[in-house]
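**Student:** Submitted below is the structure of interest, expressed as structure tokens.
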């Protein structure tokens, strides 16, 4: 049977990679002309020299013959995301593989072991395979780029079918129950829970007609069921209640009835996922098949630290302070920068409509909730009158408000919203004075666009989760910009550390909306040490948004610290000869005592490997383990990463406990993030923790090398220059620096959710709550971004005093450049995968008379454009004053990467800064290549990051500074997709000890100095 999608606009077209030949390949223009002449569409670019195209096989062959390009068919094996690798390694692989329509490399032609190797090799070949790996291979990743670690156990991290959220879900759920009654064996209770259906995300070729997607909804479930039955080879009962579901998301199509972002959600039972993935990958219209990931949730001390760059002990103990000290504690707010006129978009659990931090005295929360409930699913309230609400949108399946008890939301959205813009009024005037208290937000006059996307547990869904409208670039993010939000804050994500369709969606949206700046929580998986590709989770792995890590906000004088287990490595025979030490933070169960609390503070105990290492059977070293902490290895058995084939985790830990061990540290059995410790039938006083396989193997390697290990409980110093140990780290798999910035996120006081909205309440709730995490750091960064945007919009640039002549609307690209570079206070040598570009500090780059160093100036060029490879722009007009360093930054929003690419950068810009001394006696002219040390002998251009920085440590007085931005590659111009033809936009910021003005129409300061009216109209509002 021909598939619904395969019979439509694209017909039976074959997708192929096109790459330059070994002799250098065809010229760009010749190749594009040949493709266009035959109607072959260029879908995407895969670095360094591959194009994914769609066309008839004979047309593609003609292009290859005419131009000398190399071709390779984009087969089913190239459409399967690497995250599916565990499916090829679990029990029953041979049966599942037999359902895969592989053609010439079909599973029928190979044995079970060969089939397993074939699947895994092909999965990884496209993402970072070696050159020459075969006809289907893509360009190799750089030698230091690691493939993203899989999410294992896979099912635990996948989204499941929820009839409350899926369009038409109630009807689909009813159909499943009918099927169970018709095909089930024996008596089945009507209300018995149905088995979960796991989500598979299927990307299709662009340009398909909407009718084809509707047809797939009807036809594909039966075909998927047949594939599942074929894989089982008649074994077991009928598929029955496990009948797969196919859902086409509602999204706006083009005027001709086609979809630009064609996508399906497929749901299948766990035992049928492999057959479903293989069948889907074989369909001609399918481009990519990936797991649908479960998305989860990821605050006045913080404003002092973010605005001044420091925090004293007196400010920590008394964050409010007297009115006379407001200018020294919150100087930018004292100057009038409080978020007025700004709207910040947030996607979260909603916020408490009765909270005084958001309440408008003219309307109570129950009235607003009533309006939202009467509007129905996908309901929204938009208003220009409410002092805080610009929009409140509720997704299907969510409830208005933020009830920490009934919804199990923890008050997450109330807290993040309060961190951005929470403020309690001093009186009844909605626009009158507000109180500054411990929970006042970063931008107290800003308004909020809230998308309430929190889905509470149900009878069939045990854990709450977040459900952002998808695709995010067309269904979610435009909701915010429709009400004027240009700063976005999202404290949610998945634990997968790769580049998926949600990360791609953020990149696609920002590519087309350069006015917007987006902040995403990096995640709280810092304890998962030595994970290839880091632990920053999607969508914070996207290129264009800023991923925010969690910083501490304790002053150095407090001499504070975090109690953690610390492991030391000692040379053989000498406990005193310490080779190294590291802080250990294993995953633990909150119901058990933790290792750091079980150990006596400061007292070292041995860390020993159990014998046998998996602690199954009789222990060979029980006496040695008495009083020690036991290291236990696990295999990747049916229990995932904690159970081995010989015994369960409970049995292994029980054997160690019986030997009198002081604790158990379990080495996770499979690569990737470790899971938390399950409930164990052991005394709760016995600490049991899990560490990643990478960290465990490193410790085991030290033991094998002859070192002895000890562990003790110690205080690890904490200060404003420390990153919280739980904050996720990078770099990501292709080498990009993530997180981008660090903001205060530890012990943040913000608005607290009170629960049920009180009908007709005369008073609001002033509840506060303290939370920690990158979820708390992200709104801190976003709220202060609103102040920076107001800084430019109110004409504070470049002098720090408001002026109408230089007021302009800064692009989100410029704001990102300031945050990621100039506003980052280095917390140590960097940039790196822990601090990114440094800690947020407005005073590091935004001049403010009476507060910032008067010798430091700011110059910028916003909304630059480069359209073709090889184009460049040079900016002049600045010279060094000789009194200190100068920092130059260029940043850009890159075109979204193909999901099959090992390296995500599509368009590559290079920054060069030339310093020409005014006097030859001060040295010769030098050129510094961005993201290289200033004195690098053999500098190499950065080929992965979308931000580049040059730091001139001490340029001589009078030296002329020339800034050159060059387009090393504009690959998006090769594509047939309409939005790919947009020029590459960029922004440049220069901060430091400089004089002069950047001479360019991209600089509002220079434009304001020109008499010509035509110049003034270019950049000013």
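Placed from the backbone N, Cα and C atoms, the Cβ positions cover glycine too.
TrEMBL feature annotations, pasted as is:
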type	residues	note
ACT_SITE	348	active site, charge relay system
ACT_SITE	412	active site, charge relay system
ACT_SITE	775	active site, charge relay system
DOMAIN	339-794	domain 'Peptidase S8/S53'
DOMAIN	606-699	domain 'PA'
REGION	403-422	region 'Disordered'
**Student:** Just the number: how many Å between the Cα atoms of residue 412 (active site, charge relay system) and residue 775 (active site, charge relay system)?
**Tutor:** 8
**Student:** Any idea what the Cα distance is from residue 348 (active site, charge relay system) over to residue 775 (active site, charge relay system), rounded to a whole Å?
**Tutor:** 10
**Student:** Do you know the mean pLDDT across the domain 'Peptidase S8/S53' (339-794)?
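**Tutor:** Across the domain 'Peptidase S8/S53' (339-794), the average pLDDT comes out at 88.
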**Student:** Using Cβ-Cβ distances, find the residues under 8 Å from residue 775 (active site, charge relay system) that belong to the same chain and are at least 6 apart in sequence, listing them in sequence order.
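**Tutor:** Set apart from residue 775 (active site, charge relay system) by at least 6 residues yet with Cβ under 8 Å, we have 297, 298, 412, 415, 416, 491, 492, 521, 524, 745.
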**Student:** Given the active-site residues 348, 412, and counting only Cβ atoms in the protein chains shown, which has the most within 10 Å of its Cβ?
**Tutor:** 412
**Student:** Is it possible to list how many residues within the region 'Disordered' (403-422) are helical, extended or coil according to DSSP?
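**Tutor:** The breakdown for the region 'Disordered' (403-422) reads 10 helix, 0 strand, 10 coil.
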